[in-house]
Amino acid sequence: MDSSNLSSSMPQEGQLKLTEEAIITIKQVDESSAKRSVSNESRKSKDVTRKEQIASDQQGDDQCPQSDTAKDKKTEFKQDEVPNSNGKSIPTFHPCNNIGINDFNHQHYSRVCRNGIDINLIVVGESSLGKTTFVNSFLQSNDTNFRPKKTMDFVEHKATLSDGDQKFNLTIVDTPGFGDKSDNSNCWRPIATNLLHRLNAYFQNEVKMDRETSEIDSRIHGCLFFINPNGHRLQPLEIYIMKKIDQFVNIIPVIGKADTMTSDELNHFKKRVIADMVREKIRYFREPHNEKKAKIPIPFAIVGAGAPIEHDGKCIRGRAYPWGLVDIDDPKQSDFCQLRNFLLYTHIEGLKHKTHKLIYDTFRTEKLVALNATPGSQFISAEEMNQKYISEQTQLVEEALTKVMKEKYREKENNLELLETNLKTHHKDYKHALKKRITALEEEKNRLIKEIGPEKVKKAGILA
């Protein structure tokens, strides 16, 4: 009995020992997992703290305080099931309370107010269209006697305009006229070179390993192309230059010296300009949905302002004529205010977006494709890219000119051959008529000799 009890108690002691070992092992595993979880939590807390510090450094004053409901309450989501095209339901979650997304506009506005909006413009057009006067008026400068040193000098005007809390870092590049030479086939090159140099500078900084993120964007966002009002439509030289530069910049057509036309003539001229640009497939900047809403009068009709004029106790920016005054700030007399609102308020984001997403991306793709096409290629400087691009464009222009010259030579040669044939025919006819005349005179001579008599003729010495 005792032996049986002893024998029966032996497995229980063995089982008890195994259970204690298992408990010890489980405790060790729990302790190691607890230590691991504590280390993970500390690591996560450090990462979160680091991310919060970076975010706070980047945002600065842009971080807006969340509402009390967002602080005190946890974000709760409501689940809905929306059927898809296959008939299966897809769970969709909607926040039940404020999660801070509605503060994004205020954060963006605060950042823009602190840093300001950078916008770069270039003024292009023929001479004596009031480009420099427009720049001074736009920048609210009284320096109306400023003139560029040379005909093709590029002059940068920089200014900071403010409207309440909003600041505009404005840069306008003045190009003092084209089309003054007898040969204007290459007058577009300085403009295109300047635009390409700015695109290349941005591209070169982008492809560098240690690129400067704080570098100011020098790309041109809009080209104010001044159109000559003397005529019924766009001039061939204006169309030629627009086609050459529309792939590098947003073209904004502007009619200079619009006070030389009546309102009816101006409206008719605007329609003709747009029709010519559409017919010639010139890519000018437009946003149809914004233009209908804001009633944008493209192309803009601009009147230059001279010295300030005092009228009825007010200082007016405009021009004085014998028949009255022209106020450039009056929307009924000039589109100056509409153009300023167009550039600074209604379409500034559209200009910058198209410059970066369309013009620069196309330029960047072409450069990268050309770079990867060369075996063993590496990133080259912007100056070399610019020279290569200009050489390619020059070769294309030379080929086009060679083709045109060959056609003109062939046409001239055909005209000369036709003229030679006409001259030969005329000479043959003249020679035949001359022979007939000689024959007729010989016959008349013989007849006279017979009538007078040979002896009398010989005696008188009439005919030798």
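Cβ coordinates are placed from backbone N, Cα and C, and glycine is handled just like the others.
What Swiss-Prot lists as region 'Disordered' is 28-91.
Annotated compositional bias 'Basic and acidic residues' per Swiss-Prot: 41-54 (among others), in sequence order.
Annotation comment: Swiss-Prot describes 69-81 (among others) as compositional bias 'Basic and acidic residues'.
Swiss-Prot lists 115-370 with the feature domain 'Septin-type G'.
Within the model, the region 'G1 motif' (125-132) carries an average pLDDT of 89. Taken from Swiss-Prot, the feature region 'G1 motif' covers 125-132.
Residues annotated as GTP binding site in Swiss-Prot: 125-132, THR151, GLY177, 257-265, GLY304, ARG319. In the three-state DSSP assignment, the secondary structure recorded for ASP259 (GTP binding site) is helix.
Among the features that Swiss-Prot reports, region 'G3 motif' is placed at 174-177, with the record citing sequence analysis. Counting residues per DSSP class in helix, strand and coil order gives 0 helix, 1 strand, 3 coil for the region 'G3 motif' (174-177).
For 256-259, the entry in Swiss-Prot reads region 'G4 motif'.
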Cβ packing number for GLY177 (GTP binding site), 10 Å threshold: 19
Of ASP259, GLU265 (the binding-site residues), the residue whose Cβ has the fewest other Cβ atoms within 10 Å: GLU265
